[in-house]
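Visitor: Please see the structure below; I have some questions.
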């Protein structure tokens, strides 16, 4: 269809050569619909119904009054409609604004973090402390980087397998009607504010899992990271990185399972039927048809979940008990992440010259890390899309 | 499979010669009963005190019994299949348990705080005593989220229109990519950004609308993404019919595309609002907290529901109290109800008025 209209437009150009034709050509190349507009505009002009349409020579030949339609699309297809230009400008401008915001986030974070690079008596990267308000200031991101990465990794290890299980369940195990309802319930879990997860973690999960943590330390303590070397009674277990990781795991499950579910639902029926026809059991069908198809989707979903876990603030800030040292014993209380540090140290930061820049630097680190993780996830999805298309 | 070998030896558990020996239909139930009984026996013999241990050993025993039984009767492949099914089903239960626990716990803790005073009074002069309420915080949340929606919804909608109706080439690809990346910007980073460019060094004090800007940044990618999906659902034929009638492109979008997708667009707007309504992290940096009622989002500290919770838990000032904790749970329950209402409303709307696609 567009080719035909292009030809119509080209014929018009040949019949009525004008200065604006170069512009039209460029426009037609840019948008397949420009030619469409030319045709529709002409039709409107001919019918005399276009309240706004510059009527060019050919239309005049048909006898329509030129004064009835002062501006619009001429027979050459050159768009003179103000409305279209304004509207397209608004739409493109909104998209541009979005890019500007992203750029501004990067620029402002870098600019305002600059003071943190000077006057620090510790090493910005390797120091395990956060005392920008002392004189001389002494702070570094080593411990919070450790806390951020470890809590997010625990969340991945616990959350991603469960999320994939849920996605498989909803996509291929549950009955269709039930699956819709259950999918909706899982989506509701995604809607619960992170503050609520944090409160639940602090007031319900931590007190109720003291026994579990001490059991881990007692019977699995030969794994050094599960050993609690300081606690002498069950009551001294509690706000550990492990618990923060578990709360984060609960929070990323809906995100990860929603994306994986979509991928699993797209598995071609032929592939699955082929597996069934070879006499596969349900699990063999899933393993040979569904999982290989969804591999890229699962990886990128896991990375989206990782991005969410890395940047989670309030839940971690509530569950964790601050302590700026790298502690490989995950069942011992203490630990911090970038996001929780920003939230918790903000109140006391404004009193000192290095306080805010130090936190902005932490925010910049977090921004860069999540940017990398998310970009990687999106690129995997995009490559997959090209591959299947 | 051992279908031939099994076929020569007819047993009760074998429905057909073609499929081989199968466990009876009641096998999972029997395995579950066996698991529970064994776990209770273990609990009695070994003197375990916690029910949690008994629960998990029962679950583990169920898996072992069912898989082992299936292995004996049905062979390795079906045993694997049963194991995988069990794990997949249990992972779903594993996700439902926290949901039920969280919602149940917050209702139990939050409901006692609910009374008429709680919704009609501010915290002015209450301190750590009983009484007071979240009126001021509720006003703040409504105003700030409304301003965020006023900023983000038009920009998001126009971006989606650009991507669907006009977008081609490098610029559109860049916008798509950065919308995706923006989805992953942590809320605290959005808050920190608004702080650095609006409050830091400009001498401005925290005020409500500053929080709205951060919320709008968080909302924007959600609005773009979901509106884009909705606009893509509008059939191409509708647009072509409109063009054929001589309607300009922008009027086609305004009069044909948007009305067709309207219910979907409202749904996505509501979901986006619900997503940011419970956001706490940026507000800590941007809006401050006030016990008094402040109806002006453009001047002065303004309370919000999340900040109310944060304050009453003693996280802001460092002194928590029992009354404060009760109020915090009440406010958290209000927040959850607000968000869930928005969600359920959006989904109902989406179901009632789907865009007609033929």
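The first residue you see is number 1, and the count goes up from there.
Cβ atoms are placed via backbone N, Cα and C, with glycine included.
In case it's useful when we look at the structure, here is the feature table from TrEMBL:
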type     : residues  : note
DOMAIN   : B:138-350 : domain 'ABC transmembrane type-1'
TRANSMEM : B:26-45   : transmembrane segment
TRANSMEM : B:51-71   : transmembrane segment
TRANSMEM : B:83-108  : transmembrane segment
TRANSMEM : B:145-164 : transmembrane segment
TRANSMEM : B:176-198 : transmembrane segment
TRANSMEM : B:204-224 : transmembrane segment
TRANSMEM : B:256-277 : transmembrane segment
TRANSMEM : B:328-350 : transmembrane segment
Visitor: With contact taken as 3 or more Cβ pairs under 8 angstroms (pairs 6 or more apart in sequence), are the transmembrane segment (B:83-108) and the transmembrane segment (B:51-71) in contact?
Guide: yes
Visitor: Restricting to the same chain and to residues at least six past its boundaries, which positions have a Cβ under 8 Å from a Cβ of the transmembrane segment (B:256-277)?
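Guide: Those are 141, 145, 148-149, 152-153, 156-157, 161, 165, 215, 218-219, 222-223, 226-227, 229-231, 233-234, 238-239, 242, 247, 335, 338-339, 342-343, 345-347, 349-350, 352-356, in sequence order.
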Visitor: Determine which residues of the chain contact the transmembrane segment (B:204-224) at the Cβ level, with the cut-off under 8 Å and only residues 6 or more beyond its ends counted.
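Guide: Long-range Cβ neighbours of the transmembrane segment (B:204-224): 140, 143-145, 147-149, 151-153, 155-157, 159-160, 163, 179-180, 182-183, 185, 187, 190-191, 193-195, 198, 268-269, 271-273, 275-276, 279, 282-283, 285-288, 294, 296-302, 304.
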